[in-house]
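Novice: Feature table excerpt (TrEMBL):
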{"type": "DOMAIN", "residues": "6-139", "note": "domain 'EamA'"}
{"type": "TRANSMEM", "residues": "33-55", "note": "transmembrane segment"}
{"type": "TRANSMEM", "residues": "67-88", "note": "transmembrane segment"}
{"type": "TRANSMEM", "residues": "94-116", "note": "transmembrane segment"}
{"type": "TRANSMEM", "residues": "123-141", "note": "transmembrane segment"}
{"type": "TRANSMEM", "residues": "147-164", "note": "transmembrane segment"}
{"type": "DOMAIN", "residues": "150-283", "note": "domain 'EamA'"}
{"type": "TRANSMEM", "residues": "176-197", "note": "transmembrane segment"}
{"type": "TRANSMEM", "residues": "212-232", "note": "transmembrane segment"}
{"type": "TRANSMEM", "residues": "268-285", "note": "transmembrane segment"}
Amino acid sequence: MRYPYMFAALTAGCLWGLIGVFSRLLGGFGFSPLQIVICRSGTAAVLFFLSIVIRDVRLLRFKLKDIWCFLGAGMLGMLFFSVCYFTAVELIGIPTAAILQYTSPAIIAILSMFVFHEKLTAWRILAVALSFSGCCVISLAGGSLSFSLLGLLCGLGAGVGYALQSIFASIAVRKGYTSLTVNFYISLFAAAGAMLLDRGQIAELPQLPAKAFLLVVAAGSIASFLPSWLYVKSLSAMEASRASVMASTEPIAATAFGVVFFNDPLRFPIIIGAVFILAAVAISAHPDLHPPLDKHPPA
């Protein structure tokens with residue numbers, strides 16, 4: 001039964017939709033985008049470490065020959081995605097950056113053809129197209145598009161980074177590593193890489209109130225730890241290309257959270273975009289349209 005794993009991917013997308021909420025709130029305390037990445041990834045790494053210690057400390061072990069999976073997912077995936085996306089937002093704005101980021105399901109589908117020998121079926125192409133179209137409609141409803149060459153490259157880089165994180169994580173899961181193990185090292189390497197790029201500037205932040213500390217913990221646990229664990233867990237029972245479409249509920253959730261917490265307007269095009277995304281999810285969830293994975297390692 002794959003439905004629990006589908007629900008995991010859907011829930012992961014919804015929780016990732018909270019990233020914008022926490023980013024706005026932490027930005028108000030003076031955190032830069034890179035410092036937010038450090039806080040989110042670092043907090044998630046600590047939580048994954050504690051979860052492993054409580055469950056089975058042996059889950060920290062991995063074969064040295066497999067370290068490339070974790071480095072790839074953490075630095076080429078999560079960190080590269082975060083740096084590219086936040087840079088794109090600064091250069092070309094949220095709508096254009098979001099559209100380029102959501103090319104990731106298509107990139108994952110193409111990479112999966114070569115890495116996992118997945119077939120690019122008509123139904124899979126339709127699901128990816130609907131998902132991308134829905135994300136575009138929702139992003140366009142948020143404002144006008146703007147362009148710059150560097151911004152466009154960074155936006156596409158964000159899509160590539162997200163795709164690489166999914167591919168590398170899926171490889172690690174298929175090698176038999178659990179979701180806790182995979183996510184711990186992804187978060188650890190992403191946080192370490194972000195700290196190197198930040199050059200210690202996070203230590204120069206002024207004394208922060210308790211509210212800011214609580215926001216850091218909440219961002220790391222609710223918008224990073226939980227969705228990352230759920231998403232990688234879903235990869236143990238479905239293809240990366242399929243899971244990425246299921247998790248494309250993120251812009252719907254982000255819009256809903258914006259309406260609730262910041263009184264953002266709910267425009268009609270957003271509803272149309274949500275319908276497109278839900279149609280893509282429905283296609284991806286249909287059991288007769290996708291073959292089972294050859295291997296289902298524990299996660």
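Cβ atoms are placed via backbone N, Cα and C, with glycine included.
So that I understand the layout, could you describe where these features sit and how close they are to other parts?
Specialist: For the domain 'EamA' (6-139), DSSP puts the residue distribution at 115 helix, 0 strand, 19 coil.
Sequence-distant contacts of the transmembrane segment (123-141) (same chain, at least 6 residues past either end, Cβ-Cβ under 8 Å): 94-96, 98-99, 102-103, 105-106, 109, 241-242, 245, 248, 251-252, 255, 267, 269-270, 272-281, 283-284, 286, 289-290.
Long-range neighbours of the transmembrane segment (147-164) within the same chain, counting only residues 6 or more positions beyond its ends whose Cβ lies under 8 Å from a Cβ of the stretch, are 72-73, 76-82, 84-85, 87-88, 91-92, 96-97, 99-104, 107-108, 111, 244.
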Novice: Which residues, given as numbers and ranges, are at least 6 beyond the ends of the transmembrane segment (33-55) yet have a Cβ under 8 Å from it?
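Specialist: For the transmembrane segment (33-55), the list is 19, 22-23, 26-27, 78-79, 82-83, 86, 89, 180-181, 183-184, 187-188, 190-191, 194-195, 197-198, 201-202, 205, 216-217, 219-221, 223-225, 228-229.
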Novice: Short question: most Cβ pairs under 8 Å with the transmembrane segment (67-88), which of 94-116, 176-197, 212-232?
Specialist: 176-197
Novice: Restricting to the same chain and to residues at least six past its boundaries, which positions have a Cβ under 8 Å from a Cβ of the transmembrane segment (94-116)?
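Specialist: For the transmembrane segment (94-116), the sequence-distant neighbours (Cβ-Cβ under 8 Å, at least 6 residues beyond its ends) are 81, 85, 88, 124-125, 127-128, 131-132, 135-136, 138-140, 142-147, 151-152, 154-156, 158-160, 162-163, 166-167, 170-171, 239-241, 244-245, 248, 251.
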Novice: Can you count helix, strand and coil residues in the domain 'EamA' (150-283) using DSSP?
Specialist: 113 helix, 0 strand, 21 coil
